Amino acid sequence: MNKTTRVMPAHKHIALVAHDNYKPELLRWVKENKDALQGHFLYATGTTGRILSKETGLAIKSLLSGPMGGDQQLGALISEGKIDMMIFFWDPLNAVPHDPDVKALLRIATVWNVPVAMNRASAKFMISAPQMEEEVSIEIPDYDAYLAERV
């Protein structure tokens with residue numbers, strides 16, 4: 001597939017997602033990194049967004065709850081180039097009813113080259129990177145070329 005680039009702005013659009021057993025862990029991480037997150041645009045799936053906003057006071061655009069379509073909404077935003085990175089504390093030891101949606105979300109993040117942190121260590125590296133406050137060019141699929149080849 002042909003590639004092109006897209007520029008992530010200095011003020012990133014960050015998705016925050018956590019499975020039920022990991023919501024307290026994500027909340028703790030967000031509280032620890034509140035200052036770093038304040039200068040960015042935050043999105044979250046429904047329940048997670050409401051908890052994080054209530055407990056931290058951060059402005060967070062809440063989508064639907066993950067099992068009710070929020071994972072798919074987030075995937076659509078990624079496909080549209082509206083999400084720059086994702087912090088997703090998922091539960092590796094328990095299956096969730098919407099596992100296919102979770103897999104689709106992670107697949108679409110990979111397709112569109114969106115950085116994803118899936119635990120505290122990777123989230124710490126991501127939020128601490130100097131690129132968090134800079135414009136960053138990333139390589140993405142050239143969808144126009146893809147369409148031109150297929151029609």
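Positions of Cβ are set from backbone N, Cα and C atoms, glycine also.
Annotated in Swiss-Prot:
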DOMAIN    6-151  domain 'MGS-like'
BINDING   His19, Lys23, Thr45, Gly46, Thr47, Thr48, Ser65, Gly66, His98  substrate binding site
ACT_SITE  Asp71  active site, proton donor/acceptor
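Long-range Cβ proximity for Thr45 (substrate binding site), meaning a same-chain Cβ under 8 A and a gap of 6 or more residues, is found for Val17, Ser62, Leu63, Leu64, Ser65, Gly66, Gly70, Asp71, Gln73, Leu74. According to DSSP, Thr47 (substrate binding site) sits within a helical segment. Per DSSP, the domain 'MGS-like' (6-151) is made up of 75 helix, 29 strand, 42 coil.
Summary of the substrate site environment: with the site residues His19, Lys23, Thr45, Gly46, Thr47, Thr48, Ser65, Gly66, His98 set aside, the chain residues having Cβ atoms within 8 Å of the Cβ mean position are Val17, Ala18, Asp20, Ala44, Pro67, Gly70.
For His98 (substrate binding site), other Cβ atoms within 10 Å of its Cβ number 19. The C-beta environment of Thr47 (substrate binding site), restricted to residues of the same chain at least 6 apart in sequence and closer than 8 Å, consists of Asp20, Lys23, Ser65, Gly66. Across the domain 'MGS-like' (6-151), the model assigns an average pLDDT of 96. The residue listed as 'active site, proton donor/acceptor' is surrounded by 26 other CB atoms, counting those within 10 A of its CB over all protein chains shown. The C-beta environment of His19 (substrate binding site), restricted to residues of the same chain at least 6 apart in sequence and closer than 8 Å, consists of Gly66, Phe89, Trp90, Asp91, Asn94, Val96. Residue density at Ser65 (substrate binding site): 16 other Cβ atoms are found within 10 A of its Cβ, drawing on all protein chains shown.
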